[in-house]
Amino acid sequence: MTEAVATVVRRTKGFYYLTTPEGQEIECKAKGSLFRNSKYDNQIAVGDKVTYQLEPGQELGMIQGVLPRKSFLSRTRVGIEVEQVIAANLDLMFLVVAAKDPEPKPGLVWRMLVAANLGSVRPVLLVTKLDLVHHHKDLPWLRPFLNIDLEILFSSKGGGADDNRLADLLGGNVSVVAGHSGVGKSSLLNRLFPDLDLKVGEVNEKTSKGSHTTTYARMLNVGPTGAVIDTPGVREFGLWNLEPKNIRDHFPLIRQFSGHCKHADCTHTHEPHCFVKAEVEAGRIDKDLYAGYVGLLEGGE
Ligand SMILES: Nc1nc2c(ncn2[C@@H]2O[C@H](COP(=O)(O)OP(=O)(O)OP(=O)(O)O)[C@@H](O)[C@H]2O)c(=O)[nH]1
Ligand SMILES: [Zn+2]
């Protein structure tokens, strides 16, 4: 019996579906010892590269181990000290925000930027529904995101100038596409990759929240060599709990100033002689960026 390597492309309770480098799909269980003494409550995530064994003549394989991850998205459940890996080995994380309908929540974008940096995933901010505003200058919340190391792309109903760039990025990388329900994630993927044929939900008139039309965890092949990982965990992003230490060490820009303050473990909030606060007062750190940081620390969205 040989051990081979494959990628986890789908997960259900207790079962994992792998795709081999030859494109064969294999259903697997995981060896129980993989879960012992683990700090993760799901040791194997979609996107993971795993070793598995498949007995000759058998249909069900057994996952033996998980190869080291180059990147990941994880969350800590509120009140529980276990980390949950949502997706593994990602190249890109698209943070999707609608220009309007539903109203943009910059707090969610900051939150996702922290999670992306924590897991070594490159973020891309995508603003959809640009057709609903006159110009992106009509989006004052966007300003603090313009001066950090972040690619920002726009899309509109029926297409946009950044469509080629989006198709290249999505079609050539493993990505997650995260953002509130109804911001237009499925619409965009369908427009760029019509073969996907994802279900598009209507925004609920009363709440301006979509109807959660996308429901299970999977990896979709898009374009020549790309894949999009779609999981319930990504959809619940707004509910993720971020540790204050992770917010401080992974918040855009602010993470670069750790060690500059008088107190080694300065949170850049109430401490005297704080380098970050001095930079904010001097106008060298955007005040809205700093407000986003404090908002996350206070647990706001
Ligand atoms: N005006 C305008 N409407 C859009 C645009 N993109 C999507 N929509 C509409 O927004 C609604 C929600 O789009 P979806 O693609 O289902 O949004 P989603 O983010 O995939 O939603 P979930 O699957 O619930 O997470 C639909 O009615 C779309 O037609 C856009 O660029 N402009
Ligand atoms: Zn400080």
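Using the three backbone atoms N, Cα and C, a Cβ is placed for every residue, glycine included.
Record features, source TrEMBL:
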| type | residues | note |
| --- | --- | --- |
| BINDING | THR128, LYS129, LEU130, ASP131, GLY179, HIS180, SER181, GLY182, VAL183, GLY184, LYS185, SER186, SER187 | GTP binding site |
| BINDING | CYS261, CYS266, HIS268, CYS274 | Zn(2+) binding site |
| DOMAIN | 88-235 | domain 'EngC GTPase' |
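Feature annotations (TrEMBL) mapped to structure.
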residue : record              : DSSP (3 states)
LEU130  : GTP binding site    : helix
GLY179  : GTP binding site    : coil
LYS185  : GTP binding site    : helix
CYS261  : Zn(2+) binding site : coil
CYS266  : Zn(2+) binding site : coil
CYS274  : Zn(2+) binding site : coil
Tally of residues which DSSP labels helix, strand or coil - the domain 'EngC GTPase' (88-235): 51 helix, 34 strand, 63 coil
HIS268 (Zn(2+) binding site) versus SER181 (GTP binding site) - Cα distance in angstrom: 33
Protein Cβ atoms within 10 Å of SER181 (GTP binding site), excluding its own: 20
Candidates near ligand 2 among the binding-site residues SER181, CYS261, CYS266, judged by a Cβ under 6 angstroms: CYS261, CYS266
Whole-number Å value for how far HIS268 (Zn(2+) binding site) lies from SER187 (GTP binding site) (Cα to Cα): 40
Neighbourhood of ligand 1 - binding-site residues from VAL183, LYS185, SER187, HIS268 with Cβ under 6 Å: VAL183, LYS185, SER187
Cβ atoms near SER187 (GTP binding site) (within 10 Å, other residues, all chains): 18
CYS274 (Zn(2+) binding site) to THR128 (GTP binding site) - Cα separation in whole Å: 37
Among CYS261, CYS266, HIS268, which are recorded as binding-site residues, the nearest neighbour of GLY179 (GTP binding site) by Cα: HIS268
